[in-house]
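The active site, proton donor annotation in TrEMBL covers HIS111. Residues or ranges marked as N(1)-(5-phospho-beta-D-ribosyl)glycinamide binding site by TrEMBL: GLY14, SER15, ASN16. The (6R)-10-formyltetrahydrofolate binding site annotation in TrEMBL covers ARG67, ASN109. Per TrEMBL, the feature domain 'Formyl transferase N-terminal' maps to 4-184. Per TrEMBL, the feature site 'Raises pKa of active site His' maps to ASP147.
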Amino acid sequence: MSHKRVAILISGGGSNMVALLDSMVGDHPARPCLVLSNDEHAGGLKKAAERGVATAWVDHRPFKGDRAAFEAELIKPILAAEPDIVCLAGFMRVLTGDFVSQFQGRMLNIHPSLLPKYKGLNTHARALEAGDAEHGCSVHEVTAALDDGPILGQARVPVLEGDTPDTLAARVLTQEHRLYPAVLRRFAEKNSTPVHLG
Ligand code: GRF
């Protein structure tokens, strides 16, 4: 059985990417084929290279907000790697509908909230502000609308007395590292049963 090929897009440290790489071993039906960043200095690129995974980067800044021009470059290493699945993991650039449509139904993203709550940024501060008793993270299929698309799994954490955005983010991140690998495996096995943790 040939493995599903997985490309992972990152912008920073890539802790979710590392969790995904470390999960794709043994009888897992997928293997990584590329780790790609919009930042040449993203810490995750080194971690991927250390694990023997091909890496590439395309700096978004020279394109000065011309998303289509940036994406016309970004797509090149992805197409060269011939992925079956594309995972966004801490990838902090908004992708256009045209780009996403090329991977419709096979692009995943992890978002640090219990979607559909708190799409966008600063999710932990917003959950604290709202006085939510629980918070968490979601993995969803990527569609043209930001942080939208079918939810494939969620993990819940309690909000604790005295939590700050940082303490809550750290608690959620630990669950992200459990949730994303679990969802990717089911997705690669074409098992559409949602993953619910916590
Ligand atoms: C984290 O805030 C995580 O919640 C979100 O992206 C950020 C960086 O994640 N998914 P990573 O460590 O680069 O995977």
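Cβ atoms are placed via backbone N, Cα and C, with glycine included.
Ligand 1 lies under 6 Å from the Cβ of SER15, ASN16, out of the recorded positions SER15, ASN16, ARG67, ASP147.
The distance from the Cα of ASN109 ((6R)-10-formyltetrahydrofolate binding site) to the Cα of SER15 (N(1)-(5-phospho-beta-D-ribosyl)glycinamide binding site) comes to 14 Å. Sequence-distant neighbours of SER15 (N(1)-(5-phospho-beta-D-ribosyl)glycinamide binding site) (same chain, 6+ apart, CB under 8 A from its CB) are GLY44, GLY90, LEU173, GLU176, HIS177. Local packing around the recorded positions ARG67, HIS111 was summarised as the count of other Cβ atoms within 10 Å of each Cβ; on this measure the leading residue is HIS111. For GLY14 (N(1)-(5-phospho-beta-D-ribosyl)glycinamide binding site), the nearest of the recorded positions by C-alpha distance turns out to be HIS111; the candidates were ARG67, HIS111, ASP147. Considering only the recorded positions ASN16, ARG67, HIS111, the residues lying within 10 A of ASP147 (site 'Raises pKa of active site His') on a C-alpha to C-alpha basis are HIS111.
If you draw a 10 Å sphere around the CB of ASP147 (site 'Raises pKa of active site His'), it holds 19 other CB atoms from the protein chains shown. The domain 'Formyl transferase N-terminal' (4-184) scores a mean pLDDT of 97 in the predicted structure.
Of all Cβ atoms in the shown protein chains, 25 besides its own fall within 10 Å of the Cβ of GLY14 (N(1)-(5-phospho-beta-D-ribosyl)glycinamide binding site). Within 8 Å of the centroid of the Cβ atoms of GLY14, SER15, ASN16, where the record puts N(1)-(5-phospho-beta-D-ribosyl)glycinamide, the same chain has further Cβ atoms from ILE10, GLY12, GLY13, MET17, VAL18, ALA19, LEU20, GLY44, ALA89, GLY90, HIS177.
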